[in-house]
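TrEMBL has this to say about the protein:
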TRANSMEM  25-47  transmembrane segment
DOMAIN    40-249  domain 'G-protein coupled receptors family 1 profile'
TRANSMEM  59-77  transmembrane segment
TRANSMEM  97-119  transmembrane segment
TRANSMEM  131-154  transmembrane segment
TRANSMEM  196-224  transmembrane segment
TRANSMEM  236-259  transmembrane segment
TRANSMEM  271-289  transmembrane segment
Amino acid sequence: MKANQTVLKEFILVGFSSYPHVRPFLFVLFFGLYLLTLTGNLAILGLTWADRSLHTPMYLFLRALSFSETCYTLTIIPKMLADLLTEKRSISVPGCGLQMCFFLGLGGTHCIILTLMGYDRFLAICHPLRYPLLMTNVVCGHLVVSAWAGGFLISVTETALIFGGSFCTPNLIHHFFCHMRAVVRLSCLDSDLTELLVTMISVSGLTGTFLLIVTTYVFILSTVFRIPSAEGKQKAFSTCASHLTVVIVHFGFAAIVYLKPEGSGGDDTLIAVPYTVITPFLSPLIFSLRNRDMKNAFRK
């Protein structure tokens, strides 16, 4: 089946071609969600920059999260929207590699920043007296840079594994973007081994960061339950509510995409929509509506 080794110059993104009658509706829906996502993230970036009371590590992490999420959606959604309006849904092989690299890198960065936000809340609640010394704006900046470096180190490794060999025809990617599983199946080399390796790397990154967040919240909860007053408990919980909600949404949808076993059925295109479109839309909404400081900054 993989004897026909051709030097491919482009891939065809099959995407939503199986749903021709609903493509105009999907375009309007996704375009509206994308505009709201951009508006929400840009609002967070603007407010955390303009309001000096928000120049704290917690909101510096939030600003970094919003910036990475804005870049994350830019790698996927504009191309997807264009493909919904045209019959020529091609992407060059180098373009596909770049899209995959940035998608995986920004996704990994997003997971690491969420983990750092959990660590920040752990220090603030469990070590309040030492918090100003342990988590300064300079330390926060260094941690954000490390998050970007770690995310893209993983993505470059995975992309190099997938694009290190040649690809065989047909050049049809059964997805609306260059998803690693869909692309690796077109490889002329042992695609099963490569797919196993890149999947293990992604799953290890997801489960590792998620377990670190769970660990921080175990310590946070044990500290909160020792607070004598109900008001003190509520105040401590309120600083974590938005972050915890976003973590559940983000890792929940990511688990559906990356932990879905082979041959379990379901359309991979539809399964990836919540992770690539819905989650980025909900994240700024949750951080804005459930955060008193953000609402006060918006009123000012």
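The first residue you see is number 1, and the count goes up from there.
Positions of Cβ are set from backbone N, Cα and C atoms, glycine also.
Not measured: the values here are computed from a predicted model.
Remote same-chain partners of the transmembrane segment (131-154), defined as residues 6 or more beyond its termini with a Cβ less than 8 Å from a stretch Cβ, comprise 55-57, 60-61, 64, 68, 101, 104-113, 116, 120, 123-124, 201-202, 205. Looking at the domain 'G-protein coupled receptors family 1 profile' (40-249) alone, the prediction's average pLDDT is 89.
Across 25-47, 59-77, 97-119, 196-224, stretch 25-47 shows the highest tally of CB pairs under 8 A with the transmembrane segment (271-289). Counting only same-chain residues 6+ beyond the ends of the transmembrane segment (97-119), those with a CB under 8 A from a CB of the stretch are 58, 61-62, 64-65, 68-69, 71-72, 75-76, 79, 91, 143-144, 146-148, 150-152, 154-156, 158-159, 162-163, 177-180, 183, 202, 205-206, 209-210, 212-213, 216-217, 243, 246-247, 250-251, 254.
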